[in-house]
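S.K.: A single structure is presented below for examination.
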Amino acid sequence: MFSRDLTIAKYDADLFAAMEQEAQRQEEHIELIASENYTSPAVMEAQGSVLTNKYAEGYPGKRYYGGCEYVDVVEQLAIDRAKELFGADYANVQPHAGSQANAAVYLALLSAGDTILGMSLAHGGHLTHGASVSSSGKLYNAIQYGIDANGLIDYDEVERLAVEHKPKMIVAGFSAYSQILDFPRFRAIADKVGAYLFVDMAHVAGLVAAGVYPNPVPFADVVTTTTHKTLRGPRGGLILAKANADIEKKLNSAVFPGAQGGPLEHVIAAKAICFKEALQPEFKAYQQQVVKNAQAMAGVFIERGFDVVSGGTENHLFLLSLIKQEISGKDADAALGKAFITVNKNSVPNDPRSPFVTSGLRFGTPAVTTRGFKEAECKELAGWICDILADLNNEAVIDAVREKVKAICKKLPVYGA
């Protein structure tokens with residue numbers, strides 16, 4: 001028998017110390033990684049619940065194990081809320097991650113060797129959209145499109161490549177693109193060549209849910225997303241689609257038993273909470289602020305003479321090119337880290353440096369907005385970053401910024417009393 005008094009602190013001091021240090025880091029550091037956010041205590045409570053004990057292969061009402069009557073309720077809540085949130089007819093909440101959701105889509109609708117057309121990783125796409133190092137680039141004939149000299153997707157190029165290569169699937173989505181995707185144009189191109197249109201909205205799902213970014217569900221054959229990032233839920237994946245019995249059956253079979261075994265019902269419960277939170281009016285205000293904050297930060301960098309890829313942002317993120325400053329993303333990342341500002345180095349279009357070094361930084365505002373930053377704080381923060389980038393080796397500047405960061409983090413904590 002387990003005692004409910006047996007806590008991590010009492011049982012595993014080493015692990016607990018690392019967890020406490022991470023909690024302190026999250027409170028004292030400013031988080032600007034575009035794919036990161038903070039979940040609510042309710043989401044974390046679900047992930048630490050007794051639901052972690054239950055195995056439930058299959059789907060609600062069609063399980064391979066007994067004792068699933070209550071996890072069926074949990075999973076159906078998540079399904080129904082996801083469908084309501086995104087206006088979808090179909091939702092699969094079982095994918096363990098966004099990459100696994102994407103792999104399931106490929107497994108469902110493609111055969112090995114089929115041609116896919118996706119955004120180049122070097123131009124802002126994602127590994128799972130056909131990058132050569134990913135299974136999506138190894139199992140399928142991956143053709144890549146990119147951005148033009150203005151930092152915008154060249155839809156004429158997308159259409160030309162589609163006509164030339166006749167892909168079975170066109171992938172629309174990104175990990176580092178700051179503008180609005182033209183889903184009707186993608187749909188028209190896909191229809192022209194008889195391809196599936198698959199949209200990976202992992203980065204903007206929260207914005208879509210709040211109505212501040214176009215919803216791809218009406219245009220795509222299938223849509224995937226993560227449930228963290230802007231959606232602010234647990235780490236996990238989600239597949240959505242319009243009503244299509246054939247595609248729905250293929251997707252369900254691809255997730256289970258095709259790509260996964262038993263679902264993580266404790267994570268699915270956390271997804272259900274996340275979707276409920278995203279259905280509230282305050283979530284829309286949050287997402288509107290996320291975009292305002294990103295635009296405020298990008299504006300400061302432009303004023304200070306830095307190059308923002310695509311000239312600005314219409315979502316939660318933007319890329320800063322440091323080619324002109326002859327600074328590597330790796331060095332900039334390290335210097336900002338000393339000041340308790342967490343970012344990630346990122347390749348930029350036509351980057352002369354390797355992906356391990358890069359010439360850019362990616363910034364995102366979901367996490368700082370969660371802790372209460374508005375435009376004023378974000379402009380101030382961008383100014384501090386510019387001060388450091390102007391002289392990476394100036395320890396006095398780094399020390400001064402770190403103290404400012406600690407002060408504003410204390411003023412705007414992630415988790416209040």
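Every residue gets a Cβ built from N, Cα and C, even glycine.
As listed in Swiss-Prot for this protein:
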type	residues	note
BINDING	L121, G125, H126, L127, S354, P355, F356	(6S)-5,6,7,8-tetrahydrofolate binding site
MOD_RES	K229	N6-(pyridoxal phosphate)lysine
SITE	H228	site 'Plays an important role in substrate specificity'
S.K.: Within a 10 Å radius around the Cβ, which one of these binding-site residues has the most neighbouring Cβ atoms: G125, P355?
M.R.: G125
S.K.: Hey, which of the binding-site residues L121, L127 is the loneliest by Cβ count within 10 Å?
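M.R.: Sparsest of the binding-site residues L121, L127 by Cβ contacts within 10 Å: L127.
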S.K.: Rounded to the nearest angstrom, how far is the Cα of K229 (N6-(pyridoxal phosphate)lysine) from the Cα of H126 ((6S)-5,6,7,8-tetrahydrofolate binding site)?
M.R.: 15
